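Here's the structure, in structure tokens; my notes come after.
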Amino acid sequence: SVVKSEDFSLPAYMDRRDYPLPEVAHVKHLSASQKALKEKEKASWSSLSMDEKVELYRIKFKESFAEMNRGSNEWKTVVGGAMFFIGFTALVIMWQKHYVYGPLPQSFDKEWVAKQTKRMLDMKVNPIQGLASKWDYEKNEWKK
């Protein structure tokens, strides 16, 4: 069996909104009824029925503009895939927090932070523009 490949040097049919008139017709090899319809097309178009006009259109074009502009449901697959990976990542992070990471160091405790801040104020750290400049040492409270 010999497989015949398509000749890509010839124009190919493609439905595109930005290029509405393709160089070749959609149907390349016409059947006997389609050939008869093409002969009938050469006469007056008023003698053609609506079904015949649609059939002639379908010989030339695969889709109408309304069919090309119709939305697809591909976005649902993309959103579903993204949500799957986000959920999987959340599960991995929860597993890591439970089994891999240890408890937080004591320096993250609110009491520790308060003691450290008080120590920095007592040492008058950065008295010009920093933390100590915003503390009122006479009233023992933050400046307003």
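Heads up, the Cβ atoms here are built off N, Cα and C, so glycines get one too.
Noted in Swiss-Prot for the protein shown:
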- Lys4: N6-succinyllysine (MOD_RES)
- Lys4: N6-acetyllysine (MOD_RES)
- Lys28: N6-acetyllysine (MOD_RES)
- Ser31: phosphoserine (MOD_RES)
- Ser33: phosphoserine (MOD_RES)
- Lys35: N6-succinyllysine (MOD_RES)
- Lys35: N6-acetyllysine (MOD_RES)
- Lys42: N6-acetyllysine (MOD_RES)
- 1-73: topological domain 'Mitochondrial matrix' (TOPO_DOM)
- 100-144: topological domain 'Mitochondrial intermembrane' (TOPO_DOM)
- 74-99: transmembrane segment (TRANSMEM)
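Features recorded in Swiss-Prot, as mapped to the structure shown.
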residue : record            : DSSP class
Lys4    : N6-succinyllysine : coil
Lys28   : N6-acetyllysine   : coil
Ser33   : phosphoserine     : helix
Lys42   : N6-acetyllysine   : coil
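Lys28 (N6-acetyllysine) has a Cβ environment of 8 other Cβ atoms inside 10 Å. Long-range neighbours of the topological domain 'Mitochondrial intermembrane' (100-144) within the same chain, counting only residues 6 or more positions beyond its ends whose Cβ lies under 8 Å from a Cβ of the stretch, are absent. The number of other CB atoms found within 10 A of the CB of Lys4 (N6-succinyllysine), across every protein chain shown, is 5.
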